[in-house]
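S.K.: As annotated in TrEMBL:
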type	residues	note
COMPBIAS	1-11	compositional bias 'Basic and acidic residues'
DOMAIN	19-95	domain 'Inhibitor I9'
REGION	1-20	region 'Disordered'
Amino acid sequence: MADNQKEEEQAKASNEGSVHIVYLERTSDEDPENTHIQTLASVLGSEEAAKNAILYSYKHTVNGFSAKLTPEQVDALSKLPGVLQVMPSRTYHLHGGAGAGAGLSSLS
C-alpha cells in the first residue's frame, strides 16, 4: 500500500469512524496488545496506524480492543480469523433526579 493511500485511510478512520469494540479469541501470546496491533494493522495497512488507532486494549476479562473505525474497516475486521465480534461502543448515562444519591450521606 502506498504511503499516500495509508495516510488517506488513517484520515478517513479519524474523520468518519466511530468507536467500536473488537472482541478476539484468546491467544497464547503473553502480550495480547501485540495481537491487537497486528490484527488492526492487517486492515489499516501498518502497525503504526494500528497503534495510533487503538484507544484501549482489553487484556484481563476479555481479549480485545477499542478503536475508531469506518464501516468498511468494521466489515474487513469482522472477516478476519480470530475476530469473534465487532460492536459499536455504547455510553450509558445514569438517570439523575430527586432520588439520585439518596441515602448516600449515611455512608460517610
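Each residue, glycine too, has its Cβ placed from N, Cα and C.
Fair warning: this is a prediction, and the values are worked out from it, not measured in the lab.
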S.K.: Please list, for the domain 'Inhibitor I9' (19-95), how many residues fall into helix, strand and coil according to DSSP.
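M.R.: Computed counts for the domain 'Inhibitor I9' (19-95) are 28 helix, 23 strand, 26 coil.
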S.K.: Over the span of the domain 'Inhibitor I9' (19-95), how high is the average pLDDT in this prediction?
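M.R.: That stretch averages a pLDDT of 93.
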